[in-house]
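A.B. asks: The structure follows.
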């Protein structure tokens with residue numbers, strides 16, 4: 001299997017935009033990439049304002065929203081609590097089953113978690129437990145400004161302590177007026193974590209188009225580095241299957 005697990009230092013940091021944009025760029029490059037966000041709270045999957053619909057729109061996948069996100073609920077709470085309050089039970093086994101179903105359509109998947117790695121996810125797992133099952137390299141999406149060094153370094157350390165590989169960090173929501181501080185934060189994150197910051201994605205104000213987001217991803221994210229990871233994963237998977 002190949003792809004990336006997109007996580008973050010917090011909620012509302014920009015995971016969905018990053019995941020959808022990267023998938024869209026890779027699909028334009030000819031890769032058979034799909035997107036998967038097993039659990040979503042705050043919107044049902046079909047809601048155009050929700051993450052599943054935005055993933056579909058940005059990535060350009062033919063997959064239906066309720067297949068991108070098989071478990072969704074309106075209440076904006078941690079997924080485990082939201083499902084419990086709605087009287088629904090979702091287990092780690094359930095979301096892995098749907099992951100394997102998506103792999104029947106695509107060679108690689110970009111998987112988006114919920115919030116950060118320690119978020120209560122299914123009834124029996126945190127987000128990090130799901131990431132450990134998939135063993136995909138992580139992309140950590142983080143805020144660009146004050147507090148991000150601490151949050152990002154802690155997230156990376158937590159991931160590494162659980163045996164996960166962190167491919168890189170993307171700082172999302174960068175404003176031109178803050179770029180001096182953003183660059184300083186980038187350097188500190190790399191020095192303290194040993195993980196590269198692969199992109200400084202701009203802040204998108206108001207309504208934005210798929211074209212704007214994908215063009216920004218191509219300009220501000222090191223797509224070639226991520227492409228190298230995908231190729232290496234595919235080579236390892238092919239070698240292991242022989």
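Quick reminder: no glycine exception, Cβ is built from N, Cα and C everywhere.
Dumping what Swiss-Prot says about this protein:
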- 12, 13, 14, 15, 16, 17, 51, 112, 113, 114, 115: ATP binding site (BINDING)
- 16, 51, 112: Mg(2+) binding site (BINDING)
- 37: active site (ACT_SITE)
- 41: substrate binding site (BINDING)
A.B. asks: Nearest to residue 14 (ATP binding site) by Cα, among 37, 41, 112 (recorded positions)?
C.D. replies: 112
A.B. asks: Find the shortest Cα-Cα separation between residue 37 (active site) and the binding-site residues 12, 16, 51, 112, 115, and name the residue that gives it.
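C.D. replies: Given the candidates 12, 16, 51, 112, 115, the nearest one is 112.
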A.B. asks: Setting 12, 13, 14, 15, 16, 17, 51, 112, 113, 114, 115 aside, what same-chain residues sit with their Cβ within 8 Å of the center of the Cβ atoms that define the ATP site, listed in sequence order?
C.D. replies: 6, 8, 11, 18, 19, 141
A.B. asks: So the record assigns 12, 13, 14, 15, 16, 17, 51, 112, 113, 114, 115 to ATP. If I measure every Cα pair among those residues, what is the longest distance in angstrom, as a whole number?
C.D. replies: 14
A.B. asks: Three-state secondary structure of residue 16 (ATP binding site) from DSSP?
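C.D. replies: Helix, per DSSP.
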A.B. asks: Pull out the binding-site residues from the set 16, 51, 112 whose C-alpha sits within 10 Å of the C-alpha of residue 41 (substrate binding site).
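C.D. replies: Checking each Cα against residue 41 (substrate binding site), the hits are 51.
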A.B. asks: Pick from 14, 113, 115: which of these binding-site residues has the biggest number of other Cβ atoms within 10 Å of its Cβ?
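C.D. replies: For the binding-site residues 14, 113, 115, the Cβ with the most other Cβ atoms within 10 Å is 113.
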A.B. asks: In this structure, which of the binding-site residues 12, 51 has the fewest other Cβ atoms within 10 Å of its Cβ?
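C.D. replies: Ranked by other Cβ atoms within 10 Å, the binding-site residues 12, 51 bottom out at 12.
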A.B. asks: According to DSSP, does residue 112 (Mg(2+) binding site) fall in a helix, a strand, or coil?
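C.D. replies: The residue in question, residue 112 (Mg(2+) binding site), is strand (DSSP, three-state).
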A.B. asks: Rounded to a whole number, how many Å is the Cα of residue 12 (ATP binding site) away from the Cα of residue 112 (Mg(2+) binding site)?
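C.D. replies: Given the Cα positions, residue 12 (ATP binding site) is 13 Å from residue 112 (Mg(2+) binding site).
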A.B. asks: Can you list, in sequence order, the residues of the same chain other than 16, 51, 112 whose CB lies within 8 Å of the CB centroid of the Mg(2+) site?
C.D. replies: 6, 15, 19, 20, 37, 40, 52, 54, 55
